[in-house]
């Protein structure tokens, strides 16, 4: 609790926290646009009778007479065909230009439309793996600055891409950087906030993302040309890149890295901004060293991703959280990947999908803040899965019922995302928090990549994809029973904290690599464990 006490002493939620949290979450408004931009920039032309059938992509080599095709073309069944050499004419009444119409991603090339989004998601996957580990080694601010610049440059270049391969390459780079932005903005905010405000920060972050979905619908309606829309959601990141240089790096991360001088400097800067100059001046190196004794004893030791599998306590957290990340993303993108499939205005359904997040995240926040993280996570996944499963048995002609269930399921999955970001950041120790968030986000991206493949099972039976999308989150919710509750708990700073707090059955001897760094013998570890038992019991009585 030492670091939390320091934050409260230096102003708690003061001027600094309010300014930095606002500036850090502001770019998330446009990240929502990047993630679902494909629904507008890669929209297919408005379907006409016969469009999409094989005969509409071919041309008869000579005039034919006979029974007509569904699109009105007559043939005697013996005429030969060839690919149309004259290009295509599109209905541009809704979208004057998309990547589909500009590069003719139709007929034999229609699979390339999905390829662009798949490459973007692969970029997000690689970015989560890369920037999560880098943030634990280089710091949150440095990685965030680079991510803003990469998003601005790659997104702008995509708007001016001369051909489809170049467009895909720039979208891949955009996916990498957006993953880094999401992970680091959540961690940087959480590590500067007192315990009792973390749920507020997580919910505020979720609402900003939902606001971005409303904004995307408005921007796409006002700027329907895909190049201008791509530029509109990318250029502001140059401004984010400029002001991010003024962010203050996480003092908690500096302490866990053993850099006490920088920890003291940043805490004093925060005290000055919050109007607590006297408290900041009284904060000396000796006082800080005494308050953060635990962090310093494990400082200067960089944990790797292998530590998530090496230590039993972390391994259990990693496996359970991976299931939750995968299930949430898998079902989420199964619902929102193709907004045109709902049969209503694409702008309207985008607004509806954004609107359902508002009450869903409010209910989620109330449960998270008053009941706990585990009940909120379990309820959101179970309800989402049940809604999707029911949708699988509702007749196709009941479009209102099916759309309502899909919207309700999407709202529950948005709440699940909101909860799991906060939950993951709270259960992992500071020394490996970003790595844990990065690996969780990686599993989420695997889910988003696998999700479109499952939709192909509709060839077997139309409702099979819905049954799969619904069954996965229902099954994954069982893993929550193996996870700890973090409501009102301080953030763990070391692997030792996790073992002592949430794995009392497993002694510190269960992670030999961790204790080899700390230089303690087996006998010393056993004595330490005996001393911790009465302290834990005393803490439970006080709580």
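Using N, Cα and C of the backbone, Cβ positions are placed for all residues, glycine too.
Keep in mind it's a predicted model, so treat the numbers as computed, not measured.
Summarising the annotation, TrEMBL assigns domain 'Major facilitator superfamily (MFS) profile' to 27-488. Residues or ranges marked as transmembrane segment by TrEMBL: 119-138, 145-164, 170-188, 200-222, 228-248, 317-335, 347-368. Annotation source TrEMBL lists region 'Disordered' at 506-543. Residues or ranges marked as compositional bias 'Basic residues' by TrEMBL: 512-522.
Contact check: the transmembrane segment (119-138) against the transmembrane segment (228-248) gives fewer than three Cβ pairs closer than 8 Å, residues 6 or more apart, which falls short of the contact criterion.
Outside the transmembrane segment (228-248) by six or more residues, the chain places 16, 20, 23-24, 26-27, 30, 33-34, 37, 40-41, 141, 144-145, 148-149, 151-152, 154-156, 158-160, 174, 188, 192, 216, 219-220, 266, 269-270 with a CB less than 8 A from a CB of the stretch. Most Cβ pairs under 8 Å with the transmembrane segment (145-164) belong to 170-188, among the candidate stretches 170-188, 317-335, 347-368.
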